[in-house]
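These come from TrEMBL:
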ACT_SITE  GLU267  active site, proton donor
ACT_SITE  HIS293  active site
ACT_SITE  LYS407  active site
Amino acid sequence: MLRLDTRFLPDFPQAFKEHGPLLLQAREALLAKRKDPQSMLGWMDLPEDTETLRRIRRYREANPWVEDFVLLGIGGSALGPKALESAFNESGVRFHYVDHVEPEPVLRLLRGLDPRKTLVNAVSKSGATAETLAALLVFLNWLRENLGEDWRRHLVLTTDPRRGALRALAEKEGLEAFSIPENVGGRFSVLSPVGLLPLAFAGMDLEALLMGARKANELALAPLEENLPLKTAFLQHLHRHLPITVFMVYSERLKYLPAWFVQLHDESLGKRDGEGNRVGTTAVPALGPQDQHAQVQLFREGPLDKLIVLVVPEGAMEDLLLPQVEGLEGEAGYLFGKGLFQLLKAEAEATYQALAEAGQRVYTLYLSEVSPYAVGWLLQHLMWQTAFLGELWRVNAFDQPGVELGKRLTFALLGRPGYGS
Ligand SMILES: O=P(O)(O)OC[C@H]1O[C@](O)(CO)[C@@H](O)[C@@H]1O
C-alpha cells in the first residue's frame, strides 16, 4: 500500500484540480508513444512478463550451489538490484557489487571468494561500459584460471537481446544470458532480469514485487483523483522553481533506494528542453534517522530551496520491544516497554513537522510496510512520476547524452584508437 500525505501543502489539492487538463494531456502524450519501440517505454510492461520470471526461477533452481553472487555492473545495471537485495535478502547467499573501479576492494573480494561457489553476473545493456568491461576482464580470467573449462557455469550475462560485446561473448562461449528488452533503459530496468535474476538468488518474493508494480500501473492509468503518479509528478512540477528535491527514506533496509532514485530523477530530467533551456531539479539522497543528525540542520536553517519527500513505513514486519534497564530510568525511561518501530515512526513524524515548520515544502509517501509488494509499487510509481515529468518539462526522459563526453575523454586518456590522444 502506498499513501500520499500533503497535509503541509494546503494549496496542493486545489492546484492539482486546476491543472487536471495539463496532467491528463501529459499522460495522453506519453501513452501515445507506448507502441513505438523507440520510445523506451517497455518498463511499463515488465510487471506482466511472467515468462521471464519463470525462466529466471528455473535457472535459480538449476544452480543451488551458489554461495556468493558477484554482480558486475554500474548505474541502472546495479543500483536497483543492490537496493532490493539489501532490503529483502533472506537467502544466506552473499552478494557483492563491483560497480566501481577501485582496485583494493576488488582484490580483497577476489581473495575471499571460493570460485567453485561463486556465480558472476555481468550486467550491461550496451555491453560497452568501461567499468563493467574492466570488471569482466578480471573476473572472467579469474574463473578460467581457477575452474578451467568449468568456468562457463559460473558466469551469467544480462544484456541486450541482440547487440553488444556481452551478447557476442554469450553466443561465442555458449553462456547463459538474459535479455534487457531493447525498449527498456538502464535506470528503468530494475524489474527486468537486471533485478529479477540477482533477486531470485536472494530468495525475494518476486511475484509480490511485480504485483506491487502492477498496482502502480493501474493507478497511473486511473482517473485524476486516484492517480497517485500524476499527483506526485505534479508536486514535483509545482515546485520546479526549487532547485533541490530531497528523497529521504525512513528505512535502513531501503538505504540504497535514494541512490537508485537519484539516477532515475537526475539522469532522466536533467536535460536541455526543445528550446535548449537547461531543465531539471537535483535529487539529494537522505536517510532517516541518520540525517536527523546531519542534513536536517541544513534543511531546517539553510536555504528554503527544497522540495522534500519523506518515504515512511507505517507498519513493521516485526517489532523489537525496548526493555527496562535499571540505572537508565532518567535518560531512557520514556523508551521502556515501547517498540523500536514506535521510535522510528515518532522520529519520522517529528522530522516531517519540523521541516514544515521551517518553511520547507515537504510531503510524505507512506508505505504500509517495507515489503516486496509495497516497494515494487513504489519503484514503478517513481518511474511513472519521472516519465510524466519528462512530458511536463518537455525533455526526453529516456536518453542520457550528457554522460557521453566523459566517456570519450576517458577513452582518449587511455589511448583508445579513434578517440584522439
Ligand atoms: O547497462 P549499461 O549499458 O552498462 O549502462 C550502465 C549505465 O550507464 C549509463 O548508460 C550512463 O552512462 C546509464 O544510463 C546506465 O544505467
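The backbone N, Cα and C atoms fix where each Cβ goes, glycine too.
Counted over every protein chain shown, other Cβ atoms within 10 Å are most numerous around LYS407 among the active-site residues HIS293, LYS407.
Cβ-based neighbour count (10 Å, all protein chains) for GLU267 (active site, proton donor) stands at 23. Across the fold, the C-alpha of HIS293 (active site) and the C-alpha of GLU267 (active site, proton donor) stand 29 Å from each other. Each residue contributes its Cα atom, and for LYS407 (active site) and the residue listed as 'active site, proton donor' these two points are 15 Å apart.
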